[in-house]
Amino acid sequence: MATSSSAFDDELPMEEGMPELLDDEDVPSTLPSLLEQNLDTAPKGDEFKLVKRKRKSGNAIDVVMEDVSQVDEDATADTADDSTGPKSSKRTKGVKGESRVVPVPKHRYTPLKDNWVNIFTPIVKNLGLQVRFNLKKRQVEIRNPVDREDTTDLQKATDFVRAFILGFEVNDAIALIRLDHLFLETFEVADVKHSLKGDHVSRAIGRIAGKDGRTKLVIENTTKTRIVVANTKIHILGAYQNLKLARNAVCSLILGSNPSKVYGSLRNMASRGAERL
């Protein structure tokens, strides 16, 4: 996955950036008829069945009349028996009282405990959800109220907790609750360049962070994103277009680009943004 400085010459990141719409050529001109798709070819109850009976002489066809109503009653009875059996524990989307679970690794147990007040306050007060930390299973459990079916706030709270577990600060992760156009992207160093092994992986991670974290800070401030480097995984939080620019910068550093070259591209992009403003 090769990138160059031209990747930073795209349009400036916009807070409300969205993917481009499809061209008319990509959209099919006609759709199949619903009548054809839902055409019922099953035999009706008042129809006859033609049954071939093997005979030694000739291939005569006998008409046999079956009691279809009896077959329907048997099928209904089987369905009723299945419905009385054990129900699946998997809940469908929109069920009242639906819950989500976010597992907590060992190294994030203490930070979660220290920031627990700052985490459950926006979830309970702003979103009106129920949240608890299961000490036995070491996971955060978030649940919708019994009288609510909408899962939008439930998903926002789940993304907020997950972002904190990945290593983002509470003040940065809470933007997932307040803003609707933010996304969270995760990839590994090996996804960019498979041939990196041993010390080369450490050097690539060092180029991303920079001395005293300056390189990462420059990318964050220029692209208006937040980046977390956790071992060989890179997590980026930001708007759609901003994620693209930050990802290109990080990938360029992983592939061996000189940090000064990346700095120059970011400075040019920042200067163009200042001129437009």
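The backbone N, Cα and C atoms fix where each Cβ goes, glycine too.
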Candidate ranges 1-52, 209-260 [criterion: Swiss-Prot lists as region 'Disordered']: 1-52
The domain 'KH' (198-250), counted residue by residue under DSSP: helix, strand, coil: 35 helix, 12 strand, 6 coil
